[in-house]
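Asks: Sharing a structure here in structure tokens format.
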Amino acid sequence: MNMSLLQTPSLLMYNKMLKSLADGKSFTKVLALFGELRGQGLYPDNFTLPVVLKSIGRLRKVIEGEKVHGYAVKAGLEFDSYVSNSLMGMYASLGKIEITHKVFDEMPQRDVVSWNGLISSYVGNGRFEDAIGVFKRMSQESNLKFDEGTIVSTLSACSALKNLEIGERIYRFVVTEFEMSVRIGNALVDMFCKCGCLDKARAVFDSMRDKNVKCWTSMVFGYVSTGRIDEARVLFERSPVKDVVLWTAMMNGYVQFNRFDEALELFRCMQTAGIRPDNFVLVSLLTGCAQTGALEQGKWIHGYINENRVTVDKVVGTALVDMYAKCGCIETALEVFYEIKERDTASWTSLIYGLAMNGMSGRALDLYYEMENVGVRLDAITFVAVLTACNHGGFVAEGRKIFHSMTERHNVQPKSEHCSCLIDLLCRAGLLDEAEELIDKMRGESDETLVPVYCSLLSAARNYGNVKIAERVAEKLEKVEVSDSSAHTLLASVYASANRWEDVTNVRRKMKDLGIRKFPGCSSIEIDGVGHEFIVGDDLLSHPKMDEINSMLHQTTNLMLDLEHKEIDS
């Protein structure tokens, strides 16, 4: 019997079984069967290897991938376009993008799949400039015509980079030489939205005969990202199919632009429609509660999470911690924090900041040291939180030590916000010379960054009667063109304290010339789940509960006067 005649059908049978397993995503079984094939003394061919290489990529088995690549070289299969393209796909899945490009460069012949594979590999690894570079190279070096894969992958890179030039070039190609598929239409809408060309995105959207929910979501997101919330809602209502991503995009828009009541109303509509919210929806709503101080609504969402047995992962848990902390319920925030099974950097940082903002700086520092001890990675935001705690608690020595530990122990480079925290801490403690020295080291920063720290030092100089520093800072501020009214107002106050009225007039005139106006102070409060906002100088007569407000003010004033009289009498 001729054995060579038996090997072909046996290999064919193995190839069919391997493909069936790969189609069913049983990638581990693919590798096991491949090992069995090799044990039988069979030689994999250009149909076997692509299936195996795909499975290796999905399982991220680097060593196995290198072995199969070595076999392909020995067997003379590496230059087969099907095998080469599969090698590129495997290395891209393994994150080895340089080897992916090397395989591409060594191919004697490249088809459109090869070019698309390299472009999508760069896109998948976040190297969007390189993806655009490959697209340009394909245009110049190859006579191959772009296909849907080329267009969609390159448009993804354009979206990420906001590269309108290449995006419009592809759009013109599609209009003149290609048919507008749903995938291409989605990619064009997304690209134009990300580049801020809403009208062009809408034109493409309206021209599409068939649209899926992804296309509707991209267009809604485009309107939301530019603040055109009402137009987004109209389009949202028109969408024939609404998945959880579309609902989330619309709700995020309301939260982002402080229209929280409408976000909650939409959430209730979502429940009525029978759409189960995912964690992204809940995090968005909890963020809105935190931003507006809507404690009752936050508690209601927490109740919904418990009643529906939603898994409180580290993202949802952190959002709950943040919401309770910002609403002043710090003990509840602590309870939620310690219930989170896998706490990450964001979880710890959120609670540290919450403790600091609720006047518990000592506990915030304790938590910071606990975070260090358990080995959680500290990032730049963590240090802003802990330095804020030092600032609020007046812990000068701890603040200095932690600031210096950023580079010495944690390999985190201090940024302007960290310096600002330490400068403010030093100013509050009256260590003005040290604060000024630190500001001098920030001279490379922008005016918008320097003005707040100058203001801190100027305010401290005024409070501590340090005229020399006040005048030095005033000189620096006079040279800065800023739109922040507080800097100019504070400078005028310093001059007024020194009876330099002509300088006060000059500052006021400069504010007028620059069109800078001092915005009135504002305070807000939530009562029975309803938010109320009060602005200095505002006409309160229009408030529906003005009589009750006045009555309470009179009662409070009388109570304070009574207490004052009792203290005087005693």
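A Cβ is built for glycine as well, from the same backbone N, Cα and C atoms used for every other residue.
Reproduced below are the annotations present in Swiss-Prot:
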REPEAT    10-44  repeat 'PPR 1'
REPEAT    45-79  repeat 'PPR 2'
REPEAT    80-110  repeat 'PPR 3'
REPEAT    111-141  repeat 'PPR 4'
REPEAT    147-177  repeat 'PPR 5'
REPEAT    181-215  repeat 'PPR 6'
REPEAT    216-242  repeat 'PPR 7'
REPEAT    243-277  repeat 'PPR 8'
REPEAT    278-312  repeat 'PPR 9'
REPEAT    313-343  repeat 'PPR 10'
REPEAT    344-378  repeat 'PPR 11'
REPEAT    379-414  repeat 'PPR 12'
REGION    453-528  region 'Type E motif'
REGION    529-561  region 'Type E(+) motif'
Asks: Do any residues, 6 or more residues outside the repeat 'PPR 4' (111-141), come within under 8 Å Cβ-to-Cβ of it, and if so which ones?
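Replies: Same-chain residues near the repeat 'PPR 4' (111-141) but 6 or more away: 81, 84-85, 88-89, 91-92, 95, 97, 100-101, 104, 147, 149-150, 153-154, 156-158, 160-161, 163, 166.
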Asks: Can you count helix, strand and coil residues in the repeat 'PPR 12' (379-414) using DSSP?
Replies: 27 helix, 0 strand, 9 coil
Asks: When the repeat 'PPR 9' (278-312) is classified with DSSP, how many of its residues are helical, how many are strand and how many are coil?
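Replies: Tallied per class, the repeat 'PPR 9' (278-312) gives 27 helix, 0 strand, 8 coil.
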Asks: Do any residues of this chain, six or more beyond the ends of the repeat 'PPR 8' (243-277), have a C-beta under 8 angstroms from a C-beta of it, and if so which?
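Replies: Residues 213-214, 216-217, 220-221, 223-224, 227, 229, 232-233, 236, 284-285, 287-289, 291-292, 294, 297.
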Asks: Just give the helix, strand and coil counts over the repeat 'PPR 8' (243-277), going by DSSP.
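Replies: Across the repeat 'PPR 8' (243-277), the residues distribute as 26 helix, 0 strand, 9 coil.
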